[in-house]
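Report on the following structure.
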């Protein structure tokens, strides 16, 4: 099938992630971060395994849709559980480290791609991708529940249902939600725009061999890991907004090395630098979204806004594939140019919304929860007196 057809499965997966973010986010705010996260990991691992047994493309698309729901719940819960355990002064560094699980997984996938794709085919990639289910065993015995959540759960009435929670979130924080969604849409187009179609670009337009694709993607994602960790750490001193804006400007400056490929080494170098700064900016996201989140909705707010932004950007790979095929160069789809143009536009969006948003990098989640609990107690006492 054509890359643009296959890219539809990526679109479907990204499209349904907000559904999972909402469902599992509300569950995490009501029942804690740990056990909803464990259930979520088991669900997407099982569906990932099943994707490798899909008998046709229609079943494959359906499984990727379910996978999108499960995948959508993981980021918000994982980020909340991690960020709530950290003091403010270390949050920037560990935010960068946390977000680099993404390029680390990309490197592992690239290694397995090289090892199995020629001998076992694409199905084996999905079978291997089910291994995160093993993480649940570790979580069950060694990961404690979030103390910040344990302090805020007393502020919730037992009869609240999911619809009431969602309605309250949007009613009280609608402006912050809209702004954050648009910010994450820009991030989504930037990240997925530079990465999802990149291996196809290397193979189709530049005639990279499987070995060269593996090496290039590994080098690029090493750049992601170094960039995300470095920029996350520096954001603690320079500020979240300044770090993201600087990263987007520098990533855009190196995009021509991909869009106008002169030779293979320069493409590899350019991908390293672009990934360094794109994921450098993304390394700030886990801390920034959790800091902007209302304390009682930290399981829902970061994941939901993140995934709704992803929903807007869900068609990025498909748009790039279709445009590349519609405007060929030398008889081949011009994926490089479409990747660069779409990504550059997205970087401008990130700069605009990051510059106009708030920043709360010094907030202490434990102290914040205690204040919220005290305020809730005062409200209950007032109602009882009345």
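A Cβ is built for glycine as well, from the same backbone N, Cα and C atoms used for every other residue.
Per TrEMBL, these features apply:
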- 1-361: domain 'Major facilitator superfamily (MFS) profile' (DOMAIN)
- 6-28: transmembrane segment (TRANSMEM)
- 60-81: transmembrane segment (TRANSMEM)
- 101-118: transmembrane segment (TRANSMEM)
- 124-143: transmembrane segment (TRANSMEM)
- 173-193: transmembrane segment (TRANSMEM)
- 213-234: transmembrane segment (TRANSMEM)
- 243-262: transmembrane segment (TRANSMEM)
- 268-289: transmembrane segment (TRANSMEM)
- 335-354: transmembrane segment (TRANSMEM)
Let me check one thing: do the transmembrane segment (243-262) and the transmembrane segment (124-143) come into contact, meaning three or more Cβ pairs under 8 Å with sequence separation of at least 6? no
Stretch among 124-143, 213-234, 268-289, 335-354 sharing the most Cβ pairs under 8 Å with the transmembrane segment (173-193): 335-354
Could you pull out which residues elsewhere in the chain have a CB under 8 Å from any CB of the transmembrane segment (124-143), counting only those six or more residues past its ends? 34, 37-38, 41-42, 44-46, 48-49, 51-52, 81, 109, 112-113, 116-117
Maximum Cβ pairs under 8 Å to the transmembrane segment (213-234) among 101-118, 268-289, 335-354 is reached by 268-289
Over the domain 'Major facilitator superfamily (MFS) profile' (1-361), what is the model's average pLDDT? 86
